[in-house]
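Quick look at what Swiss-Prot annotates:
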{"type": "ACT_SITE", "residues": "97", "note": "active site"}
{"type": "BINDING", "residues": "22, 47, 74, 97", "note": "S-adenosyl-L-methionine binding site"}
{"type": "BINDING", "residues": "101, 133, 165, 166, 167, 168", "note": "substrate binding site"}
Ligand SMILES: C[S@@+](CC[C@H](N)C(=O)[O-])C[C@H]1O[C@@H](n2cnc3c(N)ncnc32)[C@H](O)[C@@H]1O
């Protein structure tokens, strides 16, 4: 959930001083070590794996660390929504998925549009510190950095005495060569086209004047709302005269799962996002509510 950090609601942009961010912390060994060794700094982990989040929070709680934050979202959108420009002191990526196949390169964390977002939010003089076992990934990242034209680049092989993370341990035990790549921000990045999501101040409920609701009209539908914007409905639950629709909205890769409620009123039904769903209010979320209304009427 985007507006939550450790299940506590946070205001956006995040106001946490001396902040460093680890992307894809996995088991969390590195971020926990950093936090213990640097009590005067704060560390923010971004992970798409919910299990990793749960594990990190448990560990942080047990150790009583007060300087670790984390959130469960894709790193690009985490940076996009949470941080101000020129805010983050350093960014760490340890052994990001290399996505070997060419057709999967678009998933790489360091493709230009993603690196652009990380660079924008990084302070001048701050560094993106990457470790990888995959030289081709390192070369790819250097190419992206060239496009942005805002980094001083430093690279080399790693001489590791004590493994930092689970993956580092794994690659070392296999005798692999490990590499480091440091991208130091020395100026603002050149503009690169990147995905954006339009937020709105409020979502408005939509009224439909129908006698009854036929769940078949709204169940298991997939509707393309725009380029790279898909709205899906799944199951519909009925409770007395009201309904709840399970929904998914994918906007340029930013995913929201939520429920839409359809409430019986005297002269028809009112359709709105369920108060039990935590959502980011976007233009396309409003269109999703309108779409359900259209399907019903
Ligand atoms: C190969 S593992 C490395 C884990 C850890 N850094 C280590 O060295 O042991 C990659 C991690 O990145 C996370 N990840 C992949 N894509 C991500 C994304 N777009 N945003 C945030 N985390 C991501 C995965 O869930 C996984 O935990």
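The chain as shown is numbered from 1 upward.
Keep in mind that glycine also has a Cβ here, set from the backbone N, Cα and C atoms.
Close to residue 166 (substrate binding site) in the fold, though at least 6 residues off in sequence, lie 26, 27, 29, each with a CB less than 8 Å from its CB. For ligand 1, the neighbouring binding-site residues among 22, 47, 101, 133, 165 are 47, 165, by Cβ distance under 6 Å. Remark: residue 47 (S-adenosyl-L-methionine binding site) has 24, 25, 26, 53, 56, 70, 71, 72 as non-local neighbours, by Cβ distance under 8 Å and separation of at least 6 in sequence. In three-state terms derived from DSSP, residue 133 (substrate binding site) belongs to neither a helical nor a strand segment and is classed as coil. Each residue contributes its Cα atom, and for residue 22 (S-adenosyl-L-methionine binding site) and residue 165 (substrate binding site) those atoms are 12 Å apart. Reduced to three states, the DSSP call for residue 165 (substrate binding site) is coil. Counting in whole angstrom, residue 168 (substrate binding site) lies 13 from the residue listed as 'active site' by their C-alpha atoms.
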